[in-house]
Every structure is written in structure tokens, then in C-alpha cells.
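Encoded as C-alpha cells, the structure appears first; notes follow it.
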Amino acid sequence: MKTLPVLVLAVKRPPVITMQPESVTVFSVEDLVMRCKASGNPPPIVRWTKDGLEFNQGSDPELKVSEVTASFPFYTLSNTMDSLKQYQGKYVCYASNELGTAVSNEALLITDVPPTLQKEKKVHVKSEQGSSIVLKCNPPQSSMEPIIHWMDWRLHHIQLSQRVMVGKDGNLYFAHLTTEDSRDDYTCNVQYLATRTILPKEPITLTVTACEFSNSVVRNKRPQMMRPAGSHSTYHALRGQTVELECIVQGLPTPDVTWLWKDGEMSNNRTMKDMFDRRLRFSSISESDAGEYQCRANNSQGAITHTYTVIVEAGPYWTKEPVSQLYAPGETVRLDCQADGIPSPIISWTINGIPVSGQRILTTSGSLILNDVNFGDTAIYQCQASNKHGTILTNTNVYVIELPPQILTEDGNKYTLTESQKALLECETFGSPQPKVICDSLLADPRVNLLTNGGLEISNVTHDDEGFYTCSVQNTNLSVNAELEVLSEYFHRYTLEGPDLIIANVGPDDEGVYTCQVITKLDMAEASGTLTLCDRPDPPVLLQITDPKRRAVTLSWTPGDDHNSPVLEYVVEFEDQGSKERNWEEMKRVSGNTERASLPLWPNMSYRFRVIAVNDLGKSDPSKPSEIHKTSPEAPENNPEDVRSESTDPDNLVITWEEMDERDFHGPEFRYRVLWRRVLGSGPTWHINYTTAPPFIVNDVGNFSAFEIKVQAVNEKGDGPEPDPVIGYPGEDVPLEAPMDVGVVLMNSTTIKVTWAAVDKKTVRGHLLGYKVLIPGRRAKESESTMVVETGANEEKKVISDLRPYSHYTLAVTVFNSKGEGPASEMLSFKTNEGGEDEKERKNAGEIPPSESKMLCLFCSRFCSLLYHVRPSSSFYSSCTFILSPFYKKLPHSLRFPPRSPFPFKGVTEVQPSFATQGWFIGVVSAIVLLLLILLILCFIKRSKGGKYSVKDKEEGPMDSEARPMKDETFGEYRFVI
């Protein structure tokens, strides 16, 4: 071995690229650096090509070439990014000397602009409790892969969970919302490692509204896929990549996600789950990982699945690379080059970077054969494998030279082995042509094999194989000797690795003092060490149950041998003899210096105990079980939790709860006592029934209303504690009645205000969610869809805009709950005004403001009924044309209003153009009104000037019966209704 460096320095060496150029994305002028490092003797000359053409970086004034020996990097002197775009391309480095040219891998140089934030509007998102939502990040576009951090204004990370998580797209997903999610500082911070920048996006405000009613329960929801969409998707991956499959789901309660590989069982060494089991990660995917993977999300309401079809392809990779060697003139050289990939790569060869030509033979397997080589065939041969995913390249040196043979292995090596081991005696040679090692006398033994590198392999050595072995080079007097020593079988477990002593399968017999001696011709030194065997402890023995009480016992034991490693703790386990489904379970842990433990017990159980000792090396085997100990039955101490109603069908009240653990039954004949009563109308009487498992269904409960429900645990020994009632509801049904007294007020040519009377809550038959105003398209022939405007539950009016001016419309109002909509009110027709004037122009023109419309409608109806002697039930009551001078001049006005009960109402009657709108008619009506007012004034004056007489005389004097006024004719009893 010592002669090898001298030999290497004595000969010429072909160039070898020791530092490959790397692809780079340039974001600033400092990033543009391309390096290529090579070695060889004589020192190689480096040149570059860009996109297949010669690239002379030294002649470019914008570039500077480093003078570092054999490194050859170049970098830019420019100060602007625009000037760097000309350097984008594919670069290849060539290193050459007189023995050939080595070719580097291809490196890609790309210029890009560092990502920046654009001006954004602040986002306000409002959603209801229990619904799902996605807060979008939308990171800036860049060639770099961003890392997303969702944080608050204090730069604290948003707490992630199964319910709240970040997707691979950077968005923040909520499986369902709670009121605690409301905040105004959800900030997406985008991190780019290459540019060492973090870009904070505009904070998002999320407002989560609670249920409409304080006693409403957020309804559970089945799982639904948020990302990816649909039930199936295909994922293409490249061999060796890190791949993440993702399933983000919504639902209430929060769904659990499990993963399944349809082609077999997933290996923990190949895959791992992340982001609360929402992601399945392959750290280095291979072709064997291809197949179908299914994620399944389920909660108490149902389940949903998504299937990924994973297709794994591969860029080229080597399965066999050609070996660089020395060859003598006249030899036949075979360079084997094999690569694999999906799709299968194409193999090509070049010599010193130039495609192969001439007498070279290229086989179908990709091998290159050179017949009868000479000194001119000394070169560097490149094997290249390519498919659509990339290209790989390897350089192989073929050095045709004549060198005398040498043996590089030292003479006198000694090999020590034990019986039945395999011996490998080295004999490394060097020369051109390759020296041939001979040992014909030994090859007759089938256990002996001569290796291609000159080594001698002897399998299953015995004492008969001990002795000296000679390695000789054919046709020379070169040889070296080696000694083989074979130890007995006893020493088979003892092996030396350099100065270390290795003991296999160590046991108690190996304990003792070991001495290591170092002996030279001048001196000797030794060192000793004690081997102490440590092991897991023996199990405890002699378990005893003492001090039995109603709900506790004391368990004691005797420790076993700790095997030179102190016991750290004892684990007490128990087994319930009455349960066939349960195995041994841990009950308590106590410190290693304790030999007893006080154990709490459940009533009505049969116990057996065992103890396990633990030290640094592991756990002992379990001790033998103790005798059986039984506890007496008692009344339950707890009631079931999460009592609730999950009713879906009308007239049914479904009461359910979380089942109790059998150990909490505390006695035989365990049952659940179910109690329910209507909150209003039924008095203090509770309805009672019994069941052994949830749910319990109460049929024919009647109208939708709130119930008090509670569930109590009972057994033959007594009842559990008195439970607190909770509110539940039967299943909802669609509302029975439509809203009444629907009216329309015209606000302007495109806006109306719709009013209605609140419905009776009893007719809703569920939780009132609100009202819907339905406005169909203007004409049946038009393709316009119905406009639907929803309101809250407590609203009785709604302003609707964006209508078309001067158009006929109809509308109806419905009430809805979670089950659906009730019947619609009667259709109400109306016509919007002409457009083209703003509100000020309309008022100047005499149009009635909306705030005054009700007052004027009332005046008009009363006045018209007096003037024209129209009965209140007449259709005239619905429309009246009049002049409001001097308050509103110039134009007559048309008022529309919805009459209230008790008058019959079928809709708003529109005033059609008639003589009533003509000027002459308006003048006549105005004159009549003025005359009536004058007559009324004269009547009042005449009465106030009647004859004067004594009040006393009037009281005492007789009155003629004929002069006595009748009540119905008394002037003071006349009333004008205006």
C-alpha cells in the first residue's frame, strides 16, 4: 500500500471533475456564480459551453473569472438584474489535458425577480358557528417554493389541530368554526429560504356568529372533502422525491382520518403521517410505493373517502457504471454501462465530449467495445443516459499504457480467525497489462476461491488451514507471504477488530477481568478492565393482598434479581375476571425502592394483580398473578355524559348520550333511566322509561317545542346522582303557514321596501331561521331566474334594490327553518317608477317621499271615502288620485298602500291613467273641497252666536217635547272623518 502514492505521482493522470457545476436561480447580481473544479496531471484546462455553443467567459467584460487553481468559477460584475437575463441557459464544463476531456453534468442558470407583496385590501370574513371556512393566503408567484406560517399580530403561530390546519396550498382550513375562532389578526407570513425573506400578508378578520337562538344547538355535519375535491385524483411522482398526499375534511364533530394502501400494509419505514394524520408522507418514494392510497374521514354522522392513484416514474439512474482502468496495447476493452428509469432511458456514448464514431461497437445493452486498442485510444469516455425526466453522465478513463507489474500488498501479513469463519488473504497488484496472480495448487479445494483483484478467499476455515500462503505474479519473480492462524471454536465469539475485542452473545460466563497487552521489541504495556454483565431484572415473587377495604387493597411483593442494574420502578397491572374482552391493564406505578402499593378499586369486580420490574435495560417478565379479590356492588356514582337530542323526524324526540364504561356500572341489573317533559304546558310531571343502551326514541310528541331531558344511571343497589336537565328538541318539519299582511312601499325607481307580519312561532315547527322574499322574473317568457332575498328570524321588513325601473313585478314571502320552506304568501303585484331622475329632482317634481307615504295614504283613503261616499271595502280604498297643493305642486300623485285588517286585501291596485289625472278635474275637485271648508266654518260661527239665556231658567223651565232634539239629530254629534 505504501508504494501506491509514489506510483500515482509518477504517471500522468487524466482530468477528473471534482466539483460539478450546480443549477442556480439568480435573484440578485451576487447570486450569479458558476463553479467547476477539476484535477489531473498535467493540470487540466477548463472551458464552458452555453446551450451547446462555446462560451468564453473571459472575453465578456461583464464577467470575471477566478484565478483560483483548478476551480475556474466565474461571476458577474454587473449592478443590474436586467443585464443578467442574457446569461440564462444550460451550461456544461469541460476539463482537458493530454489524456482526454472530462465532461460535467448540465447546469441550468435562471434569473428571477425576488417576490414582493402587492397592495391588498383588508379581508373581512363572516360565517356562522359550526360551518367550515378557508382563509386564503395567495402567496406571491415565484420560482421558489414558499414556506407558510399563519401567525397573529404578536407573531405567535396560530394553534393548529385536527380542526384547524394549514394545507399544502398555504391556506388555513377550519373543519368547523367555533366562536373562539373570531379574531382580526389571521396573518399569512410567506417565507422564501433562497432569498432569506418573509413577506407578511394583510391580516384577515374572521367573525364567527353564534346560533340565532341562545338555546339552539349547532347541528352535526357529515364529513366532506375540502382538499382535494372529488372522490379520486392521480398523483405523479419521481423516484427519490419527497411526496405528500393530503386529505383535509370538514364536519362536526371533527372527523378522524385514516390511510389505507390497497396493495398491502403500509410500512412505517417507508411512510409517516403528518399534520394530525391529514398528510401521508413518503420521504424518498420508489417504484414499489406506486398504487392506490385511500384516506377515509369519519365522524358520528358518517364517512367519506378519497382515493389517490400514485404513479411513480423515475429519471435515469445507474445500475452498472463503467470502470476506469489501465489497458495494454492490443487488448479488447469492454465498457459496460447500464441504467434504469421510467420510461427506460436511452444510452449514448461520447469520447472526450464528441459522439462515438469509427470502429467502436455499441451493443444493445449499452456497452461499448473497443477492439485491439492502441495508445491513441487513451481518452475519457462519457456514457450518457436520458429520458424525459433528465440526463445523467459518467466519465470513464481508458489509459492505454505499458507498466511493469507490482504487488502493492505488504509482505508478512497475519490473519487470525476462529474455526468455521471465512478468511480473505489480500494480494493487490498493479501494472499494464493487469498482472495475473497464480496459486494453482490451492484451487483444487472447493472452499478456496481466487478473486479477480488477486485476493484468496477460504470458506469455513479449520485448524488444517493454518500456515503460510504465497501470492505470486505470473512470469515474474514477484511474491508476498501471509500467515493464517485458526483459533478453536471456543473463541468463535471473540473477535478482534483492530485494537478492539468483540464478544458475541455475551453471557454470565464471560464476566471477569480482561487484560490488553501491547508488545514491541523494546517494551510492553498492558491495561485491565472488569466485565460485569447487566440484564433486565427478574420478575417479583410472593405477591400478597393485605388490608382489604371497601374500595382499596394493599399489594406487596418480593423483588427479584436486578442483574447489576437497579430497579427504577414497578408497574402494577390488573385483570378483570368478569370481562372477556379486556386483557391485563396498567393500574399504578411505584418507585423501585418500594415493595408495596395501595390500589384503588371499582365496585362489583373480580381482580387479579401482577407486577413488572423496570430498569435501564428494560422490563422484566410479569410476575405470577395474585389470588382473586372481589369487591361488593354499589349504586352508580356517575351518570352518562353528553346527553343530547339528535332528532331528525318530525313528532319524534331522539334522546342519546355517551355510553358509560362497564366498570362504572358498579352493580348488576344496570340500566339507564330516561326522563323527559315539555318545557311549557305540561307542568312538573316527568315521563320516565328505562333502556340498556342509547338512543331512546319518544314517538308522537306533537308540535315542535323544547323538552327538558335527563338520563340517570341505576342498578339493583340504587340510583346514581340526580342529573341536571338539558334542553332538546324533536325533529323539525317544514313550516305550516305563510307570512301575512305582506306589503310593498316604493322607495325609488329601483328600490322597494317589503313588509310583513311575523308568523306564529308554533306554525314554524322548528327553529325559525328567517324569511325569504321571492321575486320571479318580470315576464314568463323571460329567462330571468327568481330573485331570492333571505332575512333574519327577527326581521319583518326588507329593502330590496337593483330592480328594473318602470317594470311589472310580483313577489311572495315564505318562512323557512332547517327542514325547508313553508308555503308562500299570495302573490303581490307592483310596478316600479320610471328612472332617470335623482331623489332631489323627484321631490321638486312633487313626488311623495317614502317617509310620508303612509300618512298620505291614510289621508287619501279617508278623504276619498267622504268625498265620493265610497264604502271602506271598495277597491277605491286601494288607490286614490289627489292634489296636495301647496305642499307638493306641479303633478298629481299616485299612492299605493296595503290596506290592513279588517278590510279585504288581495294586493296593491295600481292607478291607471284616467280623467282623474286631468287638470280640469283636479281644479273642480279643489273648488269643491274649498266650498266644503267654507260651509263648515259658517256652521261653527252660527252656532257660537246662538240666543243668550240664563242657565238656571233653562234648567227650571219646561221644555216642549217636540223641541227636544233627538240624539241622532243633534248637531254636535256630527263628525267629519278626514
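Heads up, the Cβ atoms here are built off N, Cα and C, so glycines get one too.
As written in TrEMBL, here are the features:
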DOMAIN    15-111  domain 'Ig-like'
DOMAIN    115-205  domain 'Ig-like'
DOMAIN    223-311  domain 'Ig-like'
DOMAIN    316-399  domain 'Ig-like'
DOMAIN    405-532  domain 'Ig-like'
DOMAIN    539-634  domain 'Fibronectin type-III'
REGION    618-650  region 'Disordered'
COMPBIAS  618-632  compositional bias 'Basic and acidic residues'
DOMAIN    639-733  domain 'Fibronectin type-III'
DOMAIN    738-835  domain 'Fibronectin type-III'
TRANSMEM  920-941  transmembrane segment
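Residues 536-541, 543-545, 548, 550-551, 553, 555, 557, 560, 571, 573, 575, 577, 584, 601-612 of the same chain sit 6 or more residues outside the compositional bias 'Basic and acidic residues' (618-632) yet have a Cβ under 8 Å from a Cβ within it. Between the domain 'Ig-like' (316-399) and the stretches 15-111, 115-205, 539-634, 639-733, Cβ pairs under 8 Å are most numerous for 15-111. Annotation: stretch 223-311 has the most Cβ pairs under 8 Å to the domain 'Ig-like' (115-205), among 223-311, 539-634, 738-835. Residue counts for the domain 'Ig-like' (223-311) under DSSP, helix first, then strand, then coil, are 3 helix, 54 strand, 32 coil.
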